[in-house]
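Record features (Swiss-Prot):
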- 1: N-acetylmethionine (MOD_RES)
- 4: site 'Reactive site' (SITE)
- 46-50: motif 'Secondary area of contact' (MOTIF)
């Protein structure tokens, strides 16, 4: 993977689901609602001074959100940050940089 270029879209893994779960409360606070369903479906990663993860998350039968999560470098010891998100996405909406 090239520094700065997002990876190809990949199926979500247990690690990606765990990351999505860790920022779920940040999204719920920003949206002022709870998401009983929160299933990571696919993701892209981008190496920066740390790592950006673009994660497609299913929040209802036909409703998805796209998350951009920043993971700092290990020696910085900082928590995961929900940098940005997009709501009202469908299963077929492509994950792109936002």
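Heads up, the Cβ atoms here are built off N, Cα and C, so glycines get one too.
Across the range of the motif 'Secondary area of contact' (46-50), the DSSP-based residue counts are 0 helix, 4 strand, 1 coil.
The average per-residue pLDDT of the prediction over the motif 'Secondary area of contact' (46-50) is 84, rounded to a whole number.
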